[in-house]
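Taken verbatim from TrEMBL:
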TRANSMEM  6-25  transmembrane segment
DOMAIN    41-243  domain 'TLC'
TRANSMEM  46-67  transmembrane segment
TRANSMEM  87-105  transmembrane segment
TRANSMEM  170-193  transmembrane segment
TRANSMEM  213-232  transmembrane segment
REGION    251-270  region 'Disordered'
Amino acid sequence: METRELSVVAGSFVGFQLFFSVASPRLSSAFAPGYGRLPPAKLTEWNSRLVSTVHALIVGLFCLYILWFDDVVNANPVWGDPYLVKLNVAITCGYLLYDLVLLACNWSTMGDSFFVCHHLAALYAYGYVLTRGVLPYFANFRLISELSTPFVNQRWFFEALKYPRSHRLVVLNGVAMSLVFFLVRIAVMPSYWASVFATFGTPEFDRLGLGAQVAWITSCIALDILNTIWMYKITRGCYKVLTGRGGRKAKEGAEASSSSDKKHVNNHTD
């Protein structure tokens with residue numbers, strides 16, 4: 001890994017930590033009056049989710065720019081010039097390290113071994129991009145899924161502030177969350193896997209080596225299975241809210257889905 005990428009990882013780690021401890025409390029107090037009445041555990045998660053939203057917007061929009069304008073990466077998805085992709089991945093790695101530290105420091109209220117395994121696996125997979133510069137197109141394509149994260153976090157914000165589930169803003173956000181989640185995680189699957197299969201048997205694919213090939217394919221399969229499960233839960237919850245059939249079980253299922261999506265579908269190994 002070059003000094004430039006290491007600097008971006010370190011800078012992102014520090015930047016997200018500062019946003020969590022300084023910027024988020026001030027912004028939240030100014031724009032969400034109910035923020036100050038939340039219990040300490042929820043205040044921590046609120047700040048964590050606001051950082052998650054900021055990270056998702058930075059990385060997701062950067063991904064769209066690369067997808068639309070980086071001709072070198074799009075021309076050679078396995079070995080194209082990874083300069084911009086590596087910078088974007090380095091930002092995500094800094095975020096993942098920050099989030100691991102946050103989980104460790106608040107394990108009693110936020111700790112989850114599944115999230116830790118996910119973050120470590122994501123760092124391992126992205127390590128190939130940062131150290132070898134491989135698979136830039138595919139790494140960038142998967143990170144586009146981060147664009148669904150702000151809607152998931154916004155749903156949690158509404159619940160923390162005790163907005164009724166029938167409130168117009170809650171319903172609109174739920175519909176937007178379902179639509180964006182589908183577009184950036186489900187609808188893109190055929191195109192993504194068509195690009196993957198097109199590399200099989202090529203000299204570029206063979207140059208990757210078995211380790212990178214296995215890490216790439218297995219992580220993508222696992223993530224798409226998770227995305228499909230989450231899409232089902234989100235769609236079911238959205239349907240129940242729109243039809244007025246939401247109940248305790250539906251609410252618990254939706255909250256579980258939102259909690260999982262916050263870490264994974266910012267996706268971070270996508």
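Residue positions begin at 1 at the first shown residue.
Every residue gets a Cβ built from N, Cα and C, even glycine.
Most Cβ pairs under 8 A with the transmembrane segment (46-67) among the ranges 87-105, 170-193, 213-232 are made by 87-105. Of the candidate ranges 6-25, 170-193, 213-232, 6-25 has the most C-beta pairs within less than 8 angstroms of the transmembrane segment (87-105). If you take every residue in the domain 'TLC' (41-243) and average the pLDDT, you get 90.
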